[in-house]
Each structure stands twice: as C-alpha cells, then as structure tokens.
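K.L.:
So Swiss-Prot has the following annotated:
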| type | residues | note |
| --- | --- | --- |
| BINDING | Glu22, Leu23, Glu82, Asp286, Lys356, Arg363, Arg364 | N(1)-(5-phospho-beta-D-ribosyl)glycinamide binding site |
| BINDING | Arg114, Lys155, Ser160, Ser161, Gly162, Lys163, Gly164, Gln165, Glu195, Gly196, Phe197, Ile198, Glu203 | ATP binding site |
| BINDING | Glu267, Glu279 | Mg(2+) binding site |
| DOMAIN | 119-308 | domain 'ATP-grasp' |
Amino acid sequence: MPRIGTPLSPSATRILLCGCGELGKELVIELQRFGVEVIAVDRYANAPAMQVAHRSHVLDMLDGAALRAVIEQERPHYIVPEIEAIATATLVELEREGYTVIPTARAAQLTMNREGIRRLAAEELGLPTSPYRFADTLDECRAAAMALGFPCLVKPVMSSSGKGQSVLRSDADIDAAWEYAQAGGRAGRGRVIVEGFIDFDYEITLLTVRHAGGTSFCEPVGHRQEKGDYQESWQPQPMAPAALAEAKRIALAVTDALGGRGIFGVELFVKGEQVWFCEISPRPHDTGLVTLVSQDLSEFALHARAILGLPIPVIRQLGPAASAVVLVEGESTQVSFGNLAEVLAEPDTALRLFGKPGVSGQRRMGVALARDTSIDAARQKALRAAAAVKIEL
C-alpha cells in the first residue's frame, strides 16, 4: 500500500521534477497537498515550479553528468520529467540502477524525439498516422517534400511548443522551412520529419492516465493551435461515438507500449469516424490546462495520484469549459498584469498567472479559464477574460 512520509524529515517521500514551467507548477501544488517533498530542477532560476517547491537546482538538464550529480545528491523516490529536453540516456542508466522514472525512462527517451515515437506508433504498433519521411539534409528534405506532395509539414525531430515547425505550400518554401527547423530544434541543427497533410476536421488531446487501478480517459479536449503553439482548448470536444472509441483504442495501444504510471497527452487528428495518431507527451499537456476548471480532478491531480500509486476511481467532467492563453510580447523581467477585476467579473471564470521571471520575444505567461452552458459560450468567455488582461512590461 502507498505510504507518504513527512517532508523535510528522514521519512519524506521525495520527488525530483525535471522542468519547472507552468505545468510543473500545477503538479507541484498537487504533490504539496499530499505532503510530498519536491525538488525542482530547471536551466534557469525562479522558474514557476521552483516557486512552490521545497528547494531547487539550476542546471543544464541535457548535461547527463550534472543531472546525475543532482539526482545522486537528492536521492528522490521518483524522477518526474516535465519537458522533453533532458539527458534521457542518463535517465535510462539511473532507472537501471534502481531509480523510478515517471512514467518510464524509455517513454521519456522515445518521446523526446519525434522519430522514436512515430516509428513506435506507425511501424511497431501499426497505428494510423500521417505519411512521413525523415531528412538529415536540405536535399533529403526537398526529396521528401516532393514525394509527399504539397501542402506538407516540416518539423525538427526534437522540439516542443511548435518551435521550428512550418507548412510548405510549394517547393519555393522548402529552403526557408529547412532553415527554420534547424533554428527551432531543441538540440540545435539536425534531423527533421516531413509529414504529409491530413485533411482533418479537428484535433484533440485525449488525456490518458495509467494508474494503480488500470487506464482511465478524460473527456476529449479540443484545441486551436497557431504555428504549432496552443492558443485555446476546450472540453468536452463533441465526437462521434465510433471516433471516440477509435481514439481510445489508439491511446490505449501507445500508452500500454510506453508503460509506467502517470498521465499522457495523446494528440490525435479526427475526420468523421477516422482517427490518426499525431504525437504523445508522457506528462501533463498544455491543452489540458482547461482541466483546472473542467474536471473534479485536473490532469495535474491525476498525474500526482498516478505517480504515488493512489486510486482514481472516477474522473468527473463538470460541463462545457475552455481555456485561452495570456501571451506577453516584448522584453521585461518585471511584467505586471492589471485590469484583473474586469478579467474575473463574469461568473465561472478563473485566471492563472504563471509567475515566469521574464519575457524576451513572445511568451505564454498565463491562462484564462471559464465554464458555461455550451462550448462556444465557454470559449468566448475565456477569450474575453484573456483579452481583458492589461500587460505592463
């Protein structure tokens, strides 16, 4: 049976979080509610999750030796990656030595790289995906695009939040897309995936949680992206029963293959009753921020329970709900947010400000949340709230 000790004592249950953005911050808050001792690690100081953890370390998490040193110093019971850009080979070694990585080190390694997870889904599991090719050079990228046809997508195999992604409408776009992908990759210049276009009706995130009692699914989350970056999400996304059943089949297959415990954000394309696998994150998903108001147990509460081996007997969806991001553009280390009385004036609205220490360019700094009697009404309410936030740099 699971047991949780006293934080900052010899009996403490220690979790080391790798990556301290807004998703990690909400997870730490849920872990704190269970009395877990949390150590937060990221490449910069005062990251959001560090502000609610017991202590923190600043290091380059792609540096395997530095990551190993802090893990051996802290001796956590669980290592929980919150981002892709981690020395996953070191996590594999540490897992072999007896550490527990959530959900598994293999899951972190495969999903850090679009090639690993795409080959698992399409070639090993036989799941429907968009047609694709990988390319290491501009010439290979051009050949792949010409073979797949236009429009098509070019993405770095290692990136997140839409960085380095572009849509090619013709062969005239290939050179610029290649350079953009090289600039946007997490590990610098390198391999890209070229994907054929799928004419889908909508895309969803199916939040899938593997826990002590089995596998559970949240209601599907619909979302709107711009340049690969989430702008809005809503729950529940209406789906044909056959499409929802197929989405669950695909999500179950890929999460079973990855194994371990925790929440997974399974991204899927849907057209009518057809469903295609797109990507998977073995951790809370940014589009799942809507669950802060749409469910009795948010994706972060579900992840915390799953990690700790606690039961998840039911997930209650509370009705139409939506999220809309608060974007800040400019240069500042002292951003302030005003007009909050108007932001929160409507019933059933909420606001989360992430507390990020600065902005350089464009950055997601908060999210507005809303519930209403329909998805459209909830979306409009969330968008109004987000737009009402007054930014001062």
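Each Cβ is built from the backbone N, Cα and C atoms, and glycine gets one as well.
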K.L.:
For the domain 'ATP-grasp' (119-308), what's the model's average pLDDT?
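P.N.:
Value for the domain 'ATP-grasp' (119-308), mean pLDDT as a whole number: 95.
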K.L.:
Pop the Cα-Cα gap between Phe197 (ATP binding site) and Asp286 (N(1)-(5-phospho-beta-D-ribosyl)glycinamide binding site) into the table, whole Å please.
P.N.:
23
K.L.:
Taking every protein chain in this structure into account, which of the binding-site residues Glu203, Asp286 has the most other Cβ atoms within 10 Å of its Cβ?
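P.N.:
Buried the deepest by this measure is Asp286.
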K.L.:
Tell me which of the binding-site residues Arg114, Gly164, Phe197, Glu267, Glu279 ends up closest to Arg363 (N(1)-(5-phospho-beta-D-ribosyl)glycinamide binding site) in space, Cα to Cα.
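P.N.:
Closest candidate to Arg363 (N(1)-(5-phospho-beta-D-ribosyl)glycinamide binding site), judged by Cα separation, is Gly164.
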K.L.:
For Gly164 (ATP binding site), just count the other CB atoms lying within 10 A of its CB, please.
P.N.:
24
K.L.:
Of the binding-site residues Gly164, Glu195, Phe197, Glu203, Glu279, which one sits closest to Glu82 (N(1)-(5-phospho-beta-D-ribosyl)glycinamide binding site) when you measure Cα to Cα?
P.N.:
Glu279
K.L.:
Quick one: what's DSSP say for Glu267 (Mg(2+) binding site), helix, strand or coil?
P.N.:
strand
K.L.:
Would you kindly give the Cα-Cα distance separating Glu195 (ATP binding site) and Glu22 (N(1)-(5-phospho-beta-D-ribosyl)glycinamide binding site), rounded to the nearest Å?
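P.N.:
Given the Cα positions, Glu22 (N(1)-(5-phospho-beta-D-ribosyl)glycinamide binding site) is 30 Å from Glu195 (ATP binding site).
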K.L.:
Tell me the coarse DSSP state (helix, strand, coil) of Phe197 (ATP binding site).
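P.N.:
Where Phe197 (ATP binding site) sits, the three-state DSSP reduction gives coil.
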K.L.:
Take the Cβ of Glu22 (N(1)-(5-phospho-beta-D-ribosyl)glycinamide binding site) and count every other Cβ within 10 Å, whichever protein chain it belongs to.
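P.N.:
For Glu22 (N(1)-(5-phospho-beta-D-ribosyl)glycinamide binding site), the 10 Å Cβ neighbour count is 23.
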K.L.:
I'd like the Cβ neighbour count for Phe197 (ATP binding site), meaning other Cβ atoms within 10 Å of its Cβ, all protein chains included.
P.N.:
15
K.L.:
Name the one residue among Arg114, Gly164, Glu195, Glu267 whose Cα is closest in three-dimensional space to that of Lys356 (N(1)-(5-phospho-beta-D-ribosyl)glycinamide binding site); these are the binding-site residues.
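P.N.:
That would be Gly164, nearest by Cα distance.
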K.L.:
Provide the three-state secondary structure of Arg364 (N(1)-(5-phospho-beta-D-ribosyl)glycinamide binding site) computed with DSSP.
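P.N.:
SS state of Arg364 (N(1)-(5-phospho-beta-D-ribosyl)glycinamide binding site) = strand.
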K.L.:
What is the Cβ neighbour count of Arg364 (N(1)-(5-phospho-beta-D-ribosyl)glycinamide binding site) at a 10 Å cut-off, with all protein chains included?
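P.N.:
Looking across every protein chain shown, the total is 20.
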